[in-house]
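Q: Please find one structure pasted underneath; my questions will follow.
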Amino acid sequence: MDHGDEAVVERMATDGQDNEGAHDLRTIRSKSMSDRGGGYGRERGRDDRGRKSPRGEAMRGPRRPLSVVAGWVRRQPPKVKAFLAVVAGMAALAFIRFIVHDHDNLFVAAEAAHALGISVLIYKLTKEKTCAGLSLKSQDLTALFLAVRLYCSFVMEYDIHTLLDTATLVTTLWVIYMIRFKLKSSYMEDKDNFAIHYVVLPCALLAVLIHPSTSHNIVNRICWAFCVYLEAVSVLPQLRLMQNTKIVEPFTAHYVFALGVARFLSCAHWVLQVLDTRGRLLTALGYGWWPSMVLLSEIVQTFILADFCYYYVKSLVGGQLVLRLPSGVV
């Protein structure tokens, strides 16, 4: 081997040592980063495999009682949830009966809650300049049953409720005008896809079959029954729109929650009146299926909004400004 070959061999040996040193350095760096990553994971309450560790659970502190109860309720099967809802409703009625002596005040409170909800809606449309998240179809159904009920009030029993219905109808028509014309660009037409004929036609058919048995004209009695049935399901398009978007902004959530409170108080008013009169109120409404259908309509429209109100209160307690609905809520 000459001097040139020896130089080549020496350079190869030197390069090999450099490569081994670089490999060792990369190994040390990799191990160091892995150790730091593991330490970070352990600091975040996870073990080396990324699983939650008991130490991490303890570091987060105890969970709120409401969160524990909500988590337990979510894990229950549908039948248990329905039973719990009934028990909660009965407990609420018993509490209201204990603290409210004049149950007619419940109806006034229901009207006040509804008016508060409409006020929130007006603020949203005038100050925020958007109708995003509002269902035009739900407002159309509301205007329809209010118009029919207002007609029945004029021809059957003119009282203070006639004035209240007039004010509510005027504001509802104004909301419809704002959504259709002034704020049309922000209207979520593709999300507001509930077919309203699925509720209008069954309500009309049910009104023909089951209506009050009073001495009034048959047409007026059918119209009265129609507005009672339609009011119970008029909020369904709004719930469908919120289910499609999954995210409900604050003002819309406040408005729907106010409707839920109003309808619960109205339902409580009817139920407690029936209990106070020991069923005589039902016979005063007429005979046949009509008295039971009136009470059932009040209960249905309350339970339709019960699930949403639960998530609204949960979100409010958790300090979340935007309500996020899980799948299958409404």
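Cβ atoms here come from the backbone N, Cα and C positions, even for glycine.
Keep in mind that TrEMBL annotations are predicted by a computer and have not been checked by a curator.
On a predicted model such as this, the values are computed, not experimentally measured, just so you know.
Annotated region 'Disordered' per TrEMBL: 1-62, in sequence order. Annotated compositional bias 'Basic and acidic residues' per TrEMBL: 1-13, 41-60, in sequence order. The transmembrane segment annotation in TrEMBL covers 82-100, 106-126, 162-183, 195-212, 218-239, 251-272, 292-313.
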Q: Under a criterion of three or more Cβ pairs within a distance under 8 Å and sequence separation of at least 6, are the transmembrane segment (106-126) and the transmembrane segment (251-272) in contact?
A: yes
Q: Short question: which residues 6 or more past the ends of the transmembrane segment (162-183) have a Cβ under 8 Å from it?
A: 111, 114-115, 118, 121-122, 125, 129-131, 134, 136, 139-140, 142-143, 146-147, 149-150, 153-154
Q: When you scan the chain for residues with a C-beta under 8 Å from the transmembrane segment (218-239), skipping those not six or more beyond its ends, what do you find?
A: 134-135, 137-138, 141-142, 144-146, 148-149, 151-152, 155-156, 192, 194, 196, 199-200, 203-204, 206-208, 210-212, 256, 259, 290, 293-294, 297-298, 300-301, 304-305, 308, 330
